[in-house]
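Listed in TrEMBL for this protein:
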{"type": "DOMAIN", "residues": "71-330", "note": "domain 'G-protein coupled receptors family 1 profile'"}
{"type": "TRANSMEM", "residues": "54-79", "note": "transmembrane segment"}
{"type": "TRANSMEM", "residues": "91-115", "note": "transmembrane segment"}
{"type": "TRANSMEM", "residues": "180-198", "note": "transmembrane segment"}
{"type": "TRANSMEM", "residues": "230-253", "note": "transmembrane segment"}
{"type": "TRANSMEM", "residues": "274-296", "note": "transmembrane segment"}
{"type": "TRANSMEM", "residues": "311-333", "note": "transmembrane segment"}
Amino acid sequence: MSANYSEFNSEEEFLDIFNISSEHEILLNNSHHAVNEFGFVNIFDESTSATLQFVLAGVLLTAVAFFGVLGNILSIFVLSQKKIHASLTVLLIALSLCDLFVCVLLIIVKGLPILLKYFQIGSSYLRLICVPKKIIYPILQSVQLGSTYFTVAITGERLFAVIWPLESRSFCTYRNSKRLSVGIGIFSILSNSLMFYTTSQRQEVFHETNLSCQSLPPTDIPEYVNHLRLGIYVVVHYLFPLIAVILANVIIVRKIHTKNAKRETLTQNQLKEIKLTNMLIVVVLVYVICNIFRVINSFTTNIFNATYGELVALTDFLVSFNSAVNYLIYCAYGKSFRDSFVKIFCKCGKDHSRRRSDSILNETVVQEMSAIKSIRKFSKDVMTTFGKSQKYNIRD
């Protein structure tokens, strides 16, 4: 056996290395107390019950993520059909696209592996999880960061629209939104490209079944570099966007409250802007609630050198929930979104109803025309008979 291969005495020992924690713990945490000898962090410690593991990180996460995949696909399709709000549509589509990838990747690397392991489907579990995680986890981190900063961008767009409505028409344009989306995408990829160099890739072999899998032990880097990297990671991924959206939404809410006091003087367009802003405030509020636990988990893991399996499971579930729930918010608060959705996906039903109504109408018209013709013929016969009788009376 070569030096870069490790053998396992049992399948359970091999499966234990796949109790994967949050992706940043695997790729960014160089604290070896939280990483086992194979370079993995246990998602559940010994005190965590199997029921919690199965329900929270398995069943609920997978179900919510599957719903998120469907909801984000529908959102992208509806938003791309009609420009509900030109500059905002691009950002909403980009946010839905990032959330779509988040849901798909969470199903692959979180939900299904836990379900398969819970039901002790060892071979299927190994085939599913034996993927190049050195590529998958940076991608997952990139789309999560993209989702975060698209939420920040949407909040900033609403801030401009509420505080400087006239200036926002020239600044928050469709073209600028596309440029901003490209910039956020590039930033998300580059900021997570460091993960490819802070982890190594090692082949692990289970000799009984002759199966192998890639593990990601952290590379040896200086301690001060690791602390600097972790500090930048926590600030860029969590603290800055979270604080920014909270402060921006406080300002937006206060401004809307002031405008509502003068509601009688508002135009119809201003009222629509306020309704749209209220919907996006709900989106941001859900983001804040779900990501507070990510911040706590990041601090406990990377700063205080402590890992709690229950907190990790809750964090992963809330990440999937945040990526899946936006579609419901659009439907609940966005009348234009609902109308577009109904118009697109109920078109066949409406066309069928319209054709049926037209058929009934045509049949009714034919019957009425036949009745009119019969009445006209009857009237003509009556008039003819009456004319003849009058003619005979004159002769007499």
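Note that Cβ sites are derived from N, Cα and C of the backbone, with glycine treated the same way.
Remember, predicted model here, so these are calculated numbers, not experimental data.
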Contact set, same chain, for the transmembrane segment (230-253): CB under 8 Å, 6 or more residues outside the stretch: 24, 28-29, 145, 148-149, 151-152, 155-156, 158-159, 162-163, 191, 277, 281, 284-285, 287-288, 291-292, 294-295, 298-299, 302-303
Mean pLDDT for the domain 'G-protein coupled receptors family 1 profile' (71-330), rounded to an integer? 79
Give residue numbers and ranges for long-range contacts of the transmembrane segment (91-115): same chain, 6 or more residues beyond its ends, CB-CB under 8 A. 18, 20, 23, 43, 53-54, 57-59, 61-62, 65-66, 68-69, 72-73, 75-76, 79-80, 125, 128-129, 131, 133, 136-137, 139-140, 143-144, 146-147, 150-151, 153-154, 157, 177, 180-181, 184-185, 316, 319-320, 322-324, 326-327
